[in-house]
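Look at TrEMBL and you will find Glu362 tagged as active site, 5-glutamyl coenzyme A thioester intermediate. According to TrEMBL, the CoA binding site annotation covers Ile432, Asn452, Gly456, Lys476. Residues or ranges marked as domain 'Acetyl-CoA hydrolase/transferase N-terminal' in TrEMBL: 83-290. As annotated by TrEMBL, domain 'Acetyl-CoA hydrolase/transferase C-terminal' applies to 399-538.
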Amino acid sequence: MQPLVFDHYVAELRPSVGVTSGIIVMLRRKINACNAARNAALGRVALDMADPNVERQPYWPFNNVKRNLVSDRIACAALRSRITDADTAAALISPGETVGMSGFTGSGYPKAVPQALARRMAGESAAGRPFRVNLWTGASTGPELDGALAAVDGIAQRLPYSSDPVAREKINRGEIDYLDMHLSQVAPMAWEGVIGTLDTAVIEISGIRPDGSLIPSSSVGNNKTWLDRASRVILEVNRWQNAALEGMHDIYYGTRLPPDRVPIPLVKPDDRIGTPYLACDPDKIVAIVETDAPDRNLPFAAPDATALAIAGHIIEFLSHEVKRGRLPASLLPIQSGVGNIANAVLSGLVDAPFDPMTAYTEVIQDGMLDLLDVGKLRMASATAFSLSPAAAERLNADMAHYAKRMILRPQEISNHPELVRRLGCIAMNGLIEADIYGNVNSTLVMGSRIQNGIGGSGDFARNAYVSIFMTPSTAKNGNISAIVPQASHVDHIMQDVQVIVTEQGLADLRGLSPQQRAKLVIERCAHPDYRPLLTDYAARTRGGSYGLHAPSLPAEALSWHRRFMETGTMLPG
């Protein structure tokens, strides 16, 4: 049974009349489905995601060292003696330690050791000995890590980003100290020593080479820094990760602290400036755990009318910028945040008149695979994948095709302000709310309750060639307006916000004063139910404000938020 090769069919079809991008995407998915069926017949089927509510999964051989899962992935003979089970590895972590783990947007995070550590924490806590650690990662992880440790009250401090619902509740109850950080700043601050010292690193990789160098898995994140800074290292070698990932990564070891910093020699998104492998002092490696477990690949919702409208407005805007000569026909490198709307925008670019595009971003989502499939995207540079289960199957079924067009880098490089500015990225990120002047809140619901975190949106927004923020105009069945008189919290000041988009329309705020911005945001972006209220507020600020540069009524500016907390809606009764 030989796999079907998509590129041969594309070469035959492209000259044909009437073969659209959509047909090519459909054909690729059909062929990938056939390849997936072939793989299943050969017994190479990915394991289902484990239920985090079940203490042990019998089909996960974390504690069965005798079963030879991935010894062929551990080619360094000197390190094979350190293969052990997850419980033994977890026993090497002590209460109060700071532990740096791999993981970024649910990709490439350790699955076995965190669950073993959570079991140990639960046992210690039941015996009256609370066991907590400080947890550092690249960004969000999965239920086997954040969820498992948070559920047993095992996290004292968390940085730099989390989207786990269990951890979120603990953070918002004040039970976890959460450091919500710009993702590009984590590695430098770890090297500076201002966030503490790192005791143990727990890093997922896809293999170990004969010389001891490490083959990264589906995310890079802060792994390079954790391996360098930690006193000891635990590795999880995960056979579920496709072996064809080898060679996709570009690990740059040239960063320095001031005054020794030098320019980063990357001038195009597809430049390679490092090595495909991670380095680690073998004397620091205290345990290697073999696993065969999938990443947290969550499905994206099908684009609804709101998402499609937002995507349409953005594509129309980009087309206009090309016509005006402010963007090249192939655009500039695109950056997209994570989520259903961001993915809908990427998917919408499949039939847009821009090619061949490039991406310099944090994560590669489903929509980018679509763009690669039809030849609209020449290459994508990121630090991790964030894929649905179906897209993960597509990637694994044709990894050789995709690997030539993708580069995964450390997040201090994927998000580096120097590189974002040099490349001229088009940044597209989501928001919770924006005020009439364009100040954006990306993190705190009602100004106090953390949703996820700022992530990389600040890294890109301030340094982008074009900075776009997008959101539905309302939430909670229309009871919350995304456009408010004054943002209850500000992550991105109006000087960093050039374009705001909702399903209602797009406001290009470049070159406008605050009062001009307010008029356009209300007219173009606010929902009709809230537009008259915002217009009335803006008019009254001119008569009662302390100053008229960006007029405000302090006694009233946050009244919409107070009304929602008291009545369940921002609309007046």
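Cβ coordinates come from backbone N, Cα and C, glycine included.
Structure coloured by features recorded in TrEMBL.
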{"residue": "Glu362", "record": "active site, 5-glutamyl coenzyme A thioester intermediate", "DSSP class": "coil"}
{"residue": "Ile432", "record": "CoA binding site", "DSSP class": "coil"}
{"residue": "Asn452", "record": "CoA binding site", "DSSP class": "coil"}
{"residue": "Lys476", "record": "CoA binding site", "DSSP class": "coil"}
Practice task
May I ask which residues of the same chain, at least 6 positions away in sequence, place their Cβ under 8 angstroms from the Cβ of Gly456 (CoA binding site)?
Solution key: His182, Leu183, Ser184, Gly337, Glu362, Gln411, Ser414, Asn415
Exercise for the section: For the domain 'Acetyl-CoA hydrolase/transferase C-terminal' (399-538), would you mind checking the mean pLDDT of the predicted model? Expected result: 98
Fill in the blank from the handout: Taking every pair from Ile432, Asn452, Gly456, Lys476 (the record's CoA binders), the biggest C-alpha distance in Å rounds to 26
Handout entry: Around the Cβ of the residue listed as 'active site, 5-glutamyl coenzyme A thioester intermediate', the count of other Cβ atoms that are within 10 Å
Key = 31
Practice task
Just name the winner among Ile432, Asn452, Lys476 (the binding-site residues) by count of other CB atoms within 10 A of its CB.
Solution key: Ile432
